[in-house]
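What TrEMBL annotates here:
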- 20-39: transmembrane segment (TRANSMEM)
- 59-79: transmembrane segment (TRANSMEM)
- 100-127: transmembrane segment (TRANSMEM)
- 142-163: transmembrane segment (TRANSMEM)
- 170-191: transmembrane segment (TRANSMEM)
- 211-234: transmembrane segment (TRANSMEM)
């Protein structure tokens, strides 16, 4: 049943404009990171690890704002069809279980997040090799950043998918993501990145450190899973209680 639900969500997402955001936001992020890196490099502010510095300049914008906004856009698109033309009624009468409905959308959302991560990595490599002609080899740590950035975004994905389910408006959950990202920045500055989904992304991308410390990983991983499971449960309970005409 879950596999069929995932296939159905994949089919719906193929005709969605969310893939434009998946392409454009990583590209825009890489471009901004390249500009800032170029300005600082011309002032001789960098020494040594050029790939890490390029990632830092890119990750600052991506983790703080662009990545959560991208996730919010994708989550809103995944619920957009159900919130239009009385399709919510059809959803409430479908024989598919309530947990399956939400988990299927979450799987498709995580796929879009992973796609964005891969694209960002590709764009950073292109910038480093083609634009700045880095002679240093591409560090293997970049693959680790990619994975941890994707994993740490799962909790934000669950939160945004829940918000987009509860709120019919497409734009409001995206606006909330911006506000929550500011909160995530505050948690990060306070040294509590592991405790809040929108700061977990910053820590997962490891945009501030060359290598994510093992003690941070040991705290981050269970907290991401806790938030993800929590919002899956909240969403499932809401769907079970939702009226046919509530959508």
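A Cβ is built for glycine as well, from the same backbone N, Cα and C atoms used for every other residue.
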Region pair the transmembrane segment (59-79) / the transmembrane segment (142-163), three or more CB pairs under 8 Å: yes
Positions on the same chain near the transmembrane segment (142-163), where near means CB under 8 A and six or more residues out: 51, 55, 59, 63, 67-68, 71-72, 75-76, 78-79, 102, 105-106, 109-110, 113-114, 117-118, 120-121, 124-125, 173, 176-177, 180, 197-198, 200-201, 203-206, 211-212, 217, 220-221, 223-225, 227-228, 230-232, 234-235, 238
Intrachain neighbours beyond the transmembrane segment (211-234), with Cβ under 8 angstroms and 6 or more residues off its ends: 99, 102-103, 106, 141, 144, 148, 151-152, 154-155, 157-159, 161-162, 193-195, 197, 200, 203-204
Beyond the flanks of the transmembrane segment (100-127) by at least 6 residues, Cβ under 8 Å: 1-2, 5-6, 8-10, 13, 18-19, 22-23, 25-27, 29-30, 33-34, 37, 54-55, 58, 62, 67, 70-71, 74-75, 78-79, 91, 94, 138, 142-143, 146, 149-150, 153-154, 157-158, 160-161, 165, 232, 235-236, 239
